[in-house]
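Q: Annotations for this protein, taken from Swiss-Prot, read as follows:
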ACT_SITE  GLU320  active site
BINDING   HIS319, HIS323, HIS329  Zn(2+) binding site
DISULFID  CYS295-CYS386  disulfide bond
DOMAIN    162-391  domain 'Peptidase M12B'
SIGNAL    1-16  signal peptide
Amino acid sequence: MISYLASIFLLATVSAVPSGRVEVVFPSVETSRSGVKTVKFTALDQDVELKLRSAGEILGKRFAIQDVDVESLRRKIYRDSVNGAALLIDEDGPLTIEGIVNSKLRIQPFESGRITKDGIIAHQIVEVIDDKKSYDRVAVIPENVKRNAENVSRMARDDDCIVVEYYIVTDSAFTKRFKSNSALTNYVTVMFTGVQNLMDTLELGIGVRLLGVTTFTEKTEPSFIKDNLIPGPPAAFDPDVLISAMSKYYCNHQTGLAKDTDLIFLITARGMGDPREDGTVDINTAGIANSAGVCKPCFKSGIATDDSDYNERVDTLAHESVHLLGSPHDGEGPNLVSLEGSPGAANCPAKAGYIMGNRNDKNKYKFSPCTKKCVEYLLSKPTASCIFQQCTDF
């Protein structure tokens, strides 16, 4: 049986609760000859102008999910990495826009859908605020696994591209929030388009790809979910137990997308935290992942909670992804990285406020120089070979 050392860190996270500030707008969209879309509107004291480029590559070439028109979805994905925008723009009928405008604003078609101005339907802008803190955890892989992980198939070539492929599974609580697979896939696509924006701040040329999504229901949830749910109330998980069980499950079920992918993420709408003696759970954990687990069949798992409608956990998914890519929290040394020789992040204090630290307004949507060095170190090792692909392959 594999045992883990869990590193726990206080992580400021956005809880996507409306601040009370909501405004109806009629956004304009212009498309240049190069395909760049300019979206403009004024809302909540902000003049917003986004320069959006197609981001259809977020969906892998063979991405598929039941009842979803993948090629149609691919054409609708746009992002502005400078402003952190991740949007689905549908111009097949009346213009609709949904997704992340920036760190504080979200956009979606107005509920009635009947209000129009100059042929443009009304959209709702919602402001989200940071209203709580929660813990993040990282499971440190034992020493014997660290040493054995270097035995992989091939080294990267100089002309390869760095592409991190994700397989997403959702628990029944997350799945039933959505009316259809299409609505869930739209949400997850926006989420990982936002993750790509944050990965860009590493300036390492890392691409994000979704290979597929499996939406579990109460009837189809695998044992690692069912057997480890604490009834509560509310029903919740012990994150350390769940990540261990998930890792073991996929270690023993290396087939299909679970075998092909670089990372497997569970998205749950249930909470995670520390069990109390009375059978309830202190909900305090946003996410957990295995340290430097990328490309390791038995350790490439991560978990993120998401219990709202406004895609507030993009930062959590990026944070957990970077744990899997070899970075500890800012302020932590190499002893908390499951990769021999890692530089660690002790030279970057948590109070500097980056994504892997305690996050302040200046730096909370960027990674620290130490995080970049840790990820660069992992990329230099043969253990990371699975995320290097020939640039013509995607």
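Placement of Cβ uses the backbone N, Cα and C atoms for every residue, glycine included.
Locate each feature and note its surroundings.
A: Summarising the environment of GLU320 (active site), the number of other Cβ atoms within 10 Å of its Cβ, over all protein chains shown, is 26.
There are 29 other Cβ atoms within 10 Å of the Cβ belonging to HIS319 (Zn(2+) binding site).
DSSP gives CYS386 (disulfide bond) a helix state.
Restricting the average to the domain 'Peptidase M12B' (162-391) gives a pLDDT of 96.
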Q: Output the one of CYS295, CYS386 that, of all these disulfide-bonded residues, has the highest number of other Cβ atoms within 10 Å of its Cβ.
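A: In terms of Cβ crowding, the pick is CYS295.
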Q: Can you tell me how many other Cβ atoms are located within 10 Å of the Cβ belonging to HIS329 (Zn(2+) binding site)?
A: 29
Q: Roughly how many Å lie between the Cα atoms of GLU320 (active site) and HIS329 (Zn(2+) binding site), rounded to a whole value?
A: 10
